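Enquirer: Okay, handing you the structure first.
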Ligand SMILES: Cc1cc2nc3c(=O)[nH]c(=O)nc-3n(C[C@H](O)[C@H](O)[C@H](O)COP(=O)(O)OP(=O)(O)OC[C@H]3O[C@@H](n4cnc5c(N)ncnc54)[C@H](O)[C@@H]3O)c2cc1C
Ligand code: SF4
Ligand code: FES
């Protein structure tokens, strides 16, 4: 077992992790631990764009952007954080341009902008062009540009290191972060990283759904690591279902396709969004569009022999426009569906896309141990975190923004903290939990298989806690997850080796997904209202009296070792905007 | 040695099978296995996989790993051709497993899957990517400018932006470099991917270090080693015209205009 000492350790090398690393490396001795090579991170999959009120192509300002973010999040957004997001958006896009990001350009050479769902002029009057983009591979360009700048700054990476545990030491009654425990894929060796500050930037957890736009590796390892150590997770019931995933596969077709003029149609060819969102139509907020699609399907207007999807129609757009603005997604349709988008509509269905909830932080990226107390030395940013700028539903293009704004903030805050702070003593036997976990899996002779449990988990999640939820369906999911968690104790792997044992790591990742799925379902059961991405058919209205508050879920362990989830609630920060009914 | 494992039943309910004939067919995956913890030799192993021809080679590898042999090892993440994790030699050609559909491969014959060539194999389909990334880092793959930064964005015309568009698409999958016979013979050669990424900056109107990068590529292990075999261009899953980019760099070295 090796012990390393760094001022700042960053867990994850996606957009948030690398943006943080660029700042932290300049200010402190920093290591980035990442289970994937940095350029493999799922930020690279983002297509549509990054929001900022640059006003390059039409009138716009950050206050309108703040309003749209708050409204889009169904008023569960912390408005102080949303204001920071919208204000700092402008510099964060300009910073990326200066770092070399090749944005698409306007005729006069400035950064071009396009429309995106939920972004409007003057508080909902009409769609506005706010999304800065690089064709339909904005995320790819962000990831590449940030990696390039990490190379330039000499950022130190530990590639294919899986962080599996968070170390916490109590000093004078205060829980402080002491470091992390990581597993090295190549050798099977366990490493302790003692650090003054740790930043989690380990991304989302969408893999507990079956139809999802998320990568196989998005298994919520960071959320699970801190949750297991008694820290809360916020608003986990809020998950975004993106309207346009490739039918059955879940591969995303960016909202930019509708921004460019694409239209959703049912089996009668009807542009059905006109009924549900007369002003914004196909560009209404994602939760609204996803529900509308399923309403069409349920009412028998879905397409195909089983009526289980609708069409994204791009056929009226000039081929040159598709080639210039949407080259990647049109290629996905050709590669994976054998469909020519110039002439044929593309079958789509909503796909599990984005975790609004996560590790609660304040606007400096400091992780919260409860509603107000920060954990000294512990930070989080990006999809793993919940600031909360996305509330109950994230607006398109606000996440690439989030990872840049709050990745930067967390990087600066953590490095400034580690410049002043001392190392916290490591707990006794710091690797204990991970060693036990790994040994148990390697030695298990149980009869349960990882793939089977994961399949059953994904199926129950898709069936019961997706776009439409009721008490009944959520309870079904809760029971099923409990069963799977029990069976997980008997899981066995076939690869007993040390070298590149991905069999072992998939088992560990499944354990994380099971923990988080349970938190999601239990949080969803308690929220007896509908808000943003969380839609309860048995409580179809938003209930501001009882539920204008964030869920905080804690893992409790009784004396006899039995586990349970305790729910608490945290007030929403409201500044300028009073809750209104959300219409598009 | 060649062993065969069979899967009793398809791993998930055959989709779209209602009432009609099952779309599933049985395909042989012939995979190059290597695990130095077990043996210094690599071997071929056959697996019979029930698969829908519309599925990806990656789906087949997952079926094997998840339902037959958990020790089969490969890298993957996004599963739709954007992360660059799963370049491998499939039927003798470098491709991404997640972008190659079974139906495009002639399922009547065994589908061979091997690690990409020219990089040290660590286990099964996993190779050591470090030398590849080192060559990339050596070409200074980041924007270099002089003078004070403007307050707003740097201006760039749409035409200037278009000039280097093709080479911005690279996902660093190494399919090109590991298909290059020059690289197989001499690992010191920068390889096409590094040149592609140098091109991306040399031809970016905002960049001011083109000369420096050209000097790096003027090295004995630089662009002049390229023998224009076009393997790289054929291998690139992003459709980048790599050979053209390398030619443009060569031309820039001669004319010093870019
Ligand atoms: C298909 C798709 C399209 C999207 N399009 C847009 C868009 O157009 N606009 C927009 O704003 N948002 C978009 N999003 C959302 C946005 O891309 C993501 O939310 C965002 O990129 C997440 O960035 P991140 O840095 O938090 O995480 P990621 O980029 O997912 O990075 C996670 C990192 O953590 C590491 N990691 C994970 N677990 C561990 C561990 N245990 N130990 C060590 N390291 C670990 C991984 O290696 C990786 O480097 C899209 C998302 C998807 C899936
Ligand atoms: S140029 Fe193409 S083949 Fe080569 S690394 Fe880049 S994406 Fe892969
Ligand atoms: S898995 Fe990402 S490119 Fe194939």
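Placed from the backbone N, Cα and C atoms, the Cβ positions cover glycine too.
Bear in mind that the values here come from a model prediction, so they are computed numbers and not experimental data.
What TrEMBL lists as domain 'FAD-dependent oxidoreductase 2 FAD-binding' is A:7-400. The FAD binding site annotation in TrEMBL covers A:12-17, A:34-49, A:221, A:383, A:399-400. Taken from TrEMBL, the feature tele-8alpha-FAD histidine covers A:42. For A:242, A:254, A:353, A:394, the entry in TrEMBL reads substrate binding site. Annotated active site, proton acceptor per TrEMBL: A:286, in sequence order.
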Enquirer: To test your reading of the substrate site: which residues beyond A:242, A:254, A:353, A:394, same chain only, put their Cβ within 8 Å of the Cβ centroid of those residues?
Expert: A:213, A:240, A:252, A:255, A:286, A:354, A:396
Enquirer: Quick one: among the binding-site residues A:254, A:399, which has the most Cβ atoms sitting within 10 Å of its own Cβ?
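Expert: Counting Cβ neighbours within 10 Å, the top one is A:254.
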Enquirer: Nearest to residue A:254 (substrate binding site) in three-dimensional space, by Cα, is which of the binding-site residues A:36, A:40, A:399?
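Expert: For residue A:254 (substrate binding site), the closest Cα among A:36, A:40, A:399 is found at A:399.
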Enquirer: I'm trying to understand the geometry here, so how far is the Cα atom of residue A:353 (substrate binding site) from the Cα atom of the residue listed as 'active site, proton acceptor', in Å to the nearest whole number?
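Expert: That comes out at 10 Å between the alpha carbons.
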Enquirer: Can you grab the distance from residue A:242 (substrate binding site) over to residue A:16 (FAD binding site)? Cα atoms, rounded to a whole Å.
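Expert: With the alpha carbons as reference points, the distance is 21 Å.
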Enquirer: Please work out the number of neighbouring Cβ atoms within 10 Å of the Cβ of residue A:16 (FAD binding site), leaving out its own Cβ.
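Expert: Taking all protein chains shown, residue A:16 (FAD binding site) has 36 Cβ neighbours within 10 Å.
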Enquirer: Compare all C-alpha positions of A:242, A:254, A:353, A:394, the record's substrate binders, and send over the largest distance in angstrom.
Expert: 14
Enquirer: Go through the recorded positions A:42, A:242, A:394 and pull out the ones with a Cβ less than 6 angstroms from some atom of ligand 2.
Expert: none
Enquirer: Work out how many Å separate residue A:48 (FAD binding site) and residue A:286 (active site, proton acceptor) at their Cα atoms, rounded off.
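Expert: If we compare the Cα positions of residue A:48 (FAD binding site) and residue A:286 (active site, proton acceptor), the gap is 14 Å.
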Enquirer: Could you list the residues of the same chain, at least six apart in sequence, whose Cβ is under 8 A from the Cβ of residue A:44 (FAD binding site)?
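Expert: Expected: A:139, A:140, A:143, A:144.
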Enquirer: Select from the recorded positions A:12, A:254, A:286, A:399: which have any Cβ-Cβ contact with chain B shorter than 8 Å?
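Expert: Listed in sequence order, the recorded positions near chain B come to none.
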Enquirer: Radius 10 Å, atoms counted are CB only; among the binding-site residues A:12, A:48, which position scores highest?
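Expert: Max Cβ neighbours within 10 Å, all protein chains included: A:12.
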Enquirer: Roughly how many angstrom lie between the C-alpha atoms of the residue listed as 'active site, proton acceptor' and residue A:12 (FAD binding site)?
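Expert: The residue listed as 'active site, proton acceptor' and residue A:12 (FAD binding site) have their Cα atoms 27 Å apart.
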Enquirer: Over the span of the domain 'FAD-dependent oxidoreductase 2 FAD-binding' (A:7-400), how high is the average pLDDT in this prediction?
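Expert: Mean per-residue confidence for the domain 'FAD-dependent oxidoreductase 2 FAD-binding' (A:7-400): 96 out of 100.
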Enquirer: Could you find out if DSSP has residue A:44 (FAD binding site) as helix, strand or coil?
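Expert: SS state of residue A:44 (FAD binding site) = helix.
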Enquirer: Among the recorded positions A:40, A:44, A:242, A:286, A:394, name every one whose Cβ is found under 6 angstroms from ligand 1, counting any of its atoms.
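Expert: By the Cβ criterion, which requires under 6 Å to ligand 1, there are no hits.
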Enquirer: Measure from the Cβ of residue A:36 (FAD binding site) and count the other Cβ atoms within 10 Å, all protein chains considered.
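Expert: That number is 23.
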